[in-house]
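Written below as structure tokens is the structure these notes are about.
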Amino acid sequence: MYSKNLHRFAILTAIFAVFLIGVGASVTSTGSGDAVPDWPLSYGTLFPRMAGGVLYEHGHRLVAGTVGILITVLMLWSLKSKQPKYVKVLSVVAFVSVVLQAMLGGLRVLVVSDPKVQDTVTGIFSTGHVEPVRMAIAITHATLAEIVLCMTFLISLFTSKAWSNFRVKEVTSSLKIAKLYTLTFVFAFIQVLLGALVRHTQAGSVIPDFPLSFGKIIPPFNALPYDPNAPFPISYAELQFKVAIHFAHRVWAFIVAGIGIYASVLTIKNKDKLLGNFAKFWLALIVFQILLGAFVVWTKLAVIVTVLHVATGATILGTTLILAVLGWKGVNSVAFEQSELILSKSGV
């Protein structure tokens with residue numbers, strides 16, 4: 001049953017979920033992840049002095065707490081209202097996921113600052129150093145944030161009035177569009193994972209130019225500029241790895257863009273207003289995102305540019321999922337209408 005207020009609240013929750021991902025990116029970009037050594041409190045209090053890295057880290061916690069509250073209210077509201085079962089289940093899964101995400105965030109802090117947690121975690125994973133575990137937790141935390149965001153986008157869609165009224169014009173085109181957007185979503189999710197890997201391995205500036213890479217189309221992996229006397233030297237193999245994941249992130253971005261642009265053009269030609277509007281929004285986002293990616297390199301990881309890049313990427317992921325779901329909804333709607341037409345003609 002459609003509820004305008006519930007739908008608006010779901011949209012508000014989705015907006016805050018995007019904002020949370022952007023704030024999380026600011027923590028990574030400013031190197032503030034270890035600015036507060038304890039959890040769930042911050043220096044033993046709920047409101048520490050907001051200065052330096054504490055501003056970013058504790059600010060991130062406050063926004064995360066707000067998102068947690070919003071998702072909790074969204075779940076309770078969905079369960080108590082006359083919503084389809086899949087909306088209720090999705091809201092519960094979103095709630096469980098955001099709780100798990102918070103716990104991962106806390107573990108990310110304590111695995112660095114608490115010796116007991118360090119010993120326990122390194123013992124479980126049989127690692128001699130805490131850094132690989134810290135990185136794995138951070139990437140998992142970031143990935144789960146994207147999954148939670150996608151669920152808030154879906155709930156916003158499923159609670160909308162347009163969802164129950166949605167129809168498409170051409171079943172053949174819609175089936176193709178649905179498949180293309182599904183592929184785009186899968187590829188976009190991989191791109192998000194690559195982006196998280198680039199950020200958390202500090203590989204964002206390892207290739208200093210764009211659109212070329214070290215002045216070439218493909219990075220010269222066997223002739224990379226390497227300074228063993230740098231203040232914080234890394235091995236040549238580690239440098240090659242960072243260049244590889246950075247370059248993969250660039251290449252994969254254009255693959256996602258190519259498939260998505262093709263799907264969006266087909267969608268707009270299909271002349272369905274709802275799906276077409278989302279497709280136009282997606283096209284605007286992807287152009288903006290590519291420009292942001294370039295400026296991330298050109299500005300040498302300027303915080304505001306990087307934050308916008310991460311937040312826009314999350315919005316693209318959620319929008320792509322909506323397009324994919326709407327595409328399949330259209331296919332099913334047309335198939336249902338055709339079956340009803342056949343039954344009516346046969347007198348059934």
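The backbone N, Cα and C atoms fix where each Cβ goes, glycine too.
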Annotated stretch (transmembrane segment, per TrEMBL) among the listed ranges 59-77, 230-248: 59-77
Cβ-based contact of the transmembrane segment (304-328) with the transmembrane segment (59-77), 3 or more pairs under 8 Å: no
Maximum Cβ pairs under 8 Å to the transmembrane segment (251-269) - stretch from the list 59-77, 89-111, 135-159, 180-198, 281-298: 180-198
Distant-in-sequence neighbours of the transmembrane segment (180-198), which means Cβ under 8 A and at least six residues beyond its ends: 138-139, 142-143, 146, 204, 245-246, 248-249, 252-253, 255-256, 259-260, 262-263, 266, 310, 313-314, 316-317, 320-321, 323-324, 327-328
Long-range environment of the transmembrane segment (281-298) - Cβ separation under 8 angstroms, sequence gap at least 6: 204-205, 207-211, 250, 253, 256-257, 260-261, 264, 305-306, 308-309, 312-313, 315-316, 319-320, 323
